[in-house]
Amino acid sequence: MSWLTPELIEILITVGKAVVILLVVVTCGAFMSMGERRLLGLFQGRYGPNRVGWGGSLQLVADMIKMFFKEDWVPNFTDKVIFTLAPMIAFTSMLIAFAIVPITPTWGVADLNIGILFFLMMAGLAVYAVLFAGWASNNKYSLLGAVRASAQTVSYEVFIGLSLMGVVAQAGSFNMRDIVDSQEHLWNVIPQFFGFITFAIAGVAVCHRHPFDQPEAEQELADGYHIEYSGMKFGLFFVGEYIGIVTVSALMVTLFFGGWHGPFLPPFVWFALKTGFFMMMFILIRASLPRPRYDQVMAFGWKVCLPITLLNLLATAAVILYNA
């Protein structure tokens, strides 16, 4: 066929890879909700979901059926357009951010020269989902959760970018593949240990995960900005949170733990094992740490994490200048 040119074939292959990768990310996010409940049960000395299917294996299917058939109610007192837009942003922002992550030397969605900046942009966009949900719900608890989210995001996105500048300076590029290639002999977690620690803390905060789940604190805000949502709109928020965990875990692997590099096993297996480990760490943190007060969260970001990040950046610059 004359219209099937090599350029078109390459475009179709690229689109096919992108669809497969993003579908796998969404599936991992959905299955992580099931895995989290089982692991929390293990950590707390109980069984977790074990009634639907063999050993609870079909619990995710039951949850999906329940979500699909729940009434998707939109209260009359809400701003309906923004109320509907918020869960869409929550679901898509971190999913699109995963597009810059190279899974293997040949598998990835987008190879951008501004990869890290693109992630920071999408992480900043994710907070608009919370702000829109809190404002459009016309509920005081939702609004309080949204205000908390905006303040927390401003605090922690200041140093989530600075924590990555040491990695960028060492690799000499914002491109994710270049950063992975620069770790072929030494992972960045060793020279950039403090950068990794602050990025991991900020990553948990970006995902609004415990102990940084102040915007949706159940005991204080009755589930915060989620309070007026039901049905699939609530489901989009729910799955979007787990997609954020998958994305941040993959970025930790890519930026600090060598990406797909590793001995003996294929690159994809190494990437999956490393990412799965950090996804489990998110669950372990939820099971083991208490939720601090809101003022303690803010003070920790500005008084502890930001100075550490700046000192790490200065030390990295000094080492690079000395070696030059």
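Positions of Cβ are set from backbone N, Cα and C atoms, glycine also.
Annotated features in Swiss-Prot:
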type	residues	note
TRANSMEM	11-31	transmembrane segment
TRANSMEM	81-101	transmembrane segment
TRANSMEM	114-134	transmembrane segment
TRANSMEM	154-174	transmembrane segment
TRANSMEM	186-206	transmembrane segment
TRANSMEM	237-257	transmembrane segment
TRANSMEM	265-285	transmembrane segment
TRANSMEM	304-324	transmembrane segment
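Between the transmembrane segment (114-134) and the transmembrane segment (237-257), three or more CB pairs separated by 6 or more residues in sequence fall under 8 Å, so the two stretches touch. Within the same chain, the transmembrane segment (81-101) stays apart from the transmembrane segment (186-206): fewer than three Cβ pairs sit under 8 Å, each pair at least 6 residues apart.
Sequence-distant residue pairs (6 or more apart) of the transmembrane segment (237-257) and the transmembrane segment (186-206) include at least 3 whose Cβ atoms are under 8 Å, placing the two stretches in contact. Proximity of distant same-chain residues to the transmembrane segment (186-206), defined by a Cβ-Cβ separation under 8 Å and at least 6 residues beyond the stretch ends, is recorded for 123, 126, 152-153, 155-157, 159-160, 162-164, 166-167, 170, 179, 212, 244, 248, 251-252, 255-258, 261, 282, 285, 297, 301, 305, 308-309, 311-313, 316, 319.
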